[in-house]
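Noted in TrEMBL for the protein shown:
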- GLU71: active site, proton acceptor (ACT_SITE)
- ARG11, GLU30, GLU78, GLU87, HIS88, HIS89, LYS96, ASP97: ATP binding site (BINDING)
- ARG11, ALA15, ILE16, LYS17, HIS18, SER19, TRP20, ALA32, PHE33, ARG34, GLN35, GLU36, GLU71, SER100: substrate binding site (BINDING)
- GLU30, GLU78: divalent metal cation binding site (BINDING)
- 31-51: transmembrane segment (TRANSMEM)
- 98-116: transmembrane segment (TRANSMEM)
Amino acid sequence: MAKQNYSHIGRLWPAIKHSWLGLKAAYKHEIAFRQEVFLALVLLPLAAWLAADFVEFAILASGVFGIMITELLNSGIEAAIDRIGTEHHELSGRAKDLGSAAVFMSIIYFVLVWGYKLVTLLFPAVS
């Protein structure tokens, strides 16, 4: 593929295009990402409704987007490893495990942020 020579602002459109293609590929090929998109469609409006201010909304939204971002990175790692070969290799397994661990850590962050918000709503004396 020939490399295009774009100006600084001219790089924006190809970057947006490739980002959109990546999101479409993740939605098409990754069931976990489809589930996370559905949850985002539910949780982001809920976060806007529950949040006391924009900062609180941003923190709640960061938990949702954090999972989606790490899922995209994990899917990219898995696709690259699978492109190399499907036979078992220690380093390939480690790369996939590390990507999975990153998703797990983002889920822990989500549970902490949303859990704290829900506990403080249900038990105001806690905050």
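Cβ coordinates come from backbone N, Cα and C, glycine included.
No curator has checked TrEMBL annotations; they are predicted automatically.
Once Cβ contacts within 10 Å are tallied over all protein chains shown, the binding-site residues TRP20, PHE33 are led by PHE33. Here GLU71 (active site, proton acceptor) is compared against the binding-site residues ARG11, ILE16, HIS88, ASP97, and the shortest C-alpha distance is to ASP97. Considering other CB atoms within 10 Å as the measure, the emptiest surroundings among the binding-site residues ARG11, HIS18, HIS88, HIS89, LYS96 are those of HIS88. Highest Cβ count within 10 Å among the binding-site residues GLU78, GLU87: GLU78. GLN35 (substrate binding site) is surrounded by 12 other CB atoms, counting those within 10 A of its CB over all protein chains shown. Cα of ILE16 (substrate binding site) to Cα of LYS96 (ATP binding site): a span of 27 Å. The Cβ neighbour count for the residue listed as 'active site, proton acceptor', using a 10 Å radius over every protein chain in view, is 22. Among ARG11, GLU30, GLU78, GLU87, HIS88, HIS89, LYS96, ASP97, the residues given in the record as binding ATP, the maximal Cα to Cα distance rounds to 38 Å.
Taking the C-alpha positions, the distance from GLU78 (ATP binding site) to TRP20 (substrate binding site) comes to 19 Å. Over all protein chains present, the Cβ of ILE16 (substrate binding site) has 10 other Cβ atoms lying within 10 Å. Listed in sequence order, GLU71, SER75 are the same-chain residues at least 6 apart in sequence whose CB falls under 8 Å from the CB of GLU30 (ATP binding site). For HIS88 (ATP binding site), the nearest of the binding-site residues by C-alpha distance turns out to be PHE33; the candidates were HIS18, TRP20, PHE33, GLN35.
Around the Cβ of ASP97 (ATP binding site), a 10 Å sphere holds 10 further Cβ atoms from the protein chains shown.
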